[in-house]
Amino acid sequence: MSGNSIGQNFVVTTFGESHGVALGCIIDGCPPGLELTEADMQHDLDRRRPGTSRYTTARREPDEVRILSGVFEGKTTGTSIGLLIENTDQRSQDYSNIKDLFRPGHADYTYQQKYGLRDYRGGGRSSARETAMRVAAGAVAKKYLKQVHGINIQGYMSQLGPISAETLDFSQIEQNAFFFPDASKLEALDEYMRELKKSGDSIGAKISVVATGVPVGLGEPVFDRLDADIAHALMGINAVKGVEIGDGFGVVTQKGSEGRDLMSPLGFESNHAGGILGGISSGQPIVAHIALKPTSSISVPGQSMTAQGEMAEVVTKGRHDPCVGIRAVPIAEAMLAIVLMDHLLRHRAQNQDVCSHTPILGMR
């Protein structure tokens, strides 16, 4: 099975399954000398881990990460960093009834057809449990980006079902279980989720992620444009069905006179492009959004078929998130961090000595 790595200079490779012994990853290309401990990664892992609120799956995993290699006396050595998280709360018996049954909307059917067999326990490799290692690797990238280059990355839930944030207060994001920036909507979100759980159904969500302090010049046209690699990384998150950079699909109804980001010696007057022009970072905040589908692991009966081609009814019995978007915020942050880290190292390798006499613009 290929496709388990991302990046060229900062390379992250993950391994492991939802109900396997452990999850792990290898990070290649991290510069030496970065102070790094398990605690640096644990904060983001705790933000992502299951069982932390009544709105997420009841599966309880501590997600305690261990550093196996690449760190000596508290600093990265420049060699491969090995990370491991053991699975401790598997209940594989919850899935015995779907051993030969395809869950609609899941990867069961496609994995079976591609590989000729599948790990039916919680979806195996296709489970979002795998993203724990992306979050761990992303935390390493986030620390380097912030400590060495002053780059900050912040994600938040901008919409859950029909409820959208009308204000953006970053101080509220970590104060509630939804990572929601609009405190006035928290009561409505709570009520909506309560009713959703009663019905046994699920709902989709929109997650936004912003990177500030990104220097001008990251991105490698034409096939490794920064926005293309960001879209690739974000689209690779489980349940993501859409990615927007900047105004995204909103540009369809914009006129050129509205959508262009006007410039002056004082800076850019807007950021419709989301901080990327021609596939290269402009120095403005990088803004991306992802749409996550509602999980089809629900207790509402649905029609499907068995591996033998017979009709069957599916009712999910395992422990699942009624809205997978709630735990997706640190995952989106991690994937953006991994891409920015990779492109920063690539830019440094080729363009470190480039000197442009054009003034660097900020936001007005």
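Every residue, even glycine, has its Cβ placed from backbone N, Cα and C.
Here Swiss-Prot flags Arg48, Arg54 as NADP(+) binding site, drawing on sequence analysis. Look at Swiss-Prot and you will find Arg125, Ser126, Ser127, Asn238, Ala239, Gly278, Lys293, Pro294, Thr295, Ser296, Ser297, Arg319 tagged as FMN binding site. If you look up Swiss-Prot, you'll see 41-60 marked as region 'Disordered'.
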Key: Distance [Cα-Cα, Å, rounded] between Ser297 (FMN binding site) and Arg54 (NADP(+) binding site)   = 17
Query = Given the binding-site residues Ser127, Thr295, Ser297, and counting only Cβ atoms in the protein chains shown, which has the most within 10 Å of its Cβ?
reply = Thr295
Request  = Take the C-alpha atoms of Thr295 (FMN binding site) and Arg54 (NADP(+) binding site) and report the distance between them in angstrom, rounded.
outcome  = 17
Ask   = What's the CA to CA span in angstrom from Ser127 (FMN binding site) over to Arg48 (NADP(+) binding site)?
value = 14
Request  = Inside 10 Å of the Cβ of Arg48 (NADP(+) binding site), count up the other Cβ atoms and send me the figure.
outcome  = 24
Request  = Give the helix, strand or coil assignment DSSP yields for Arg125 (FMN binding site).
outcome  = helix
Task = Tally every other Cβ atom lying within 10 Å of the Cβ atom of Arg125 (FMN binding site).
result = 19
Ask   = What is the separation, in Å, between the Cα atoms of Lys293 (FMN binding site) and Arg48 (NADP(+) binding site)?
value = 18
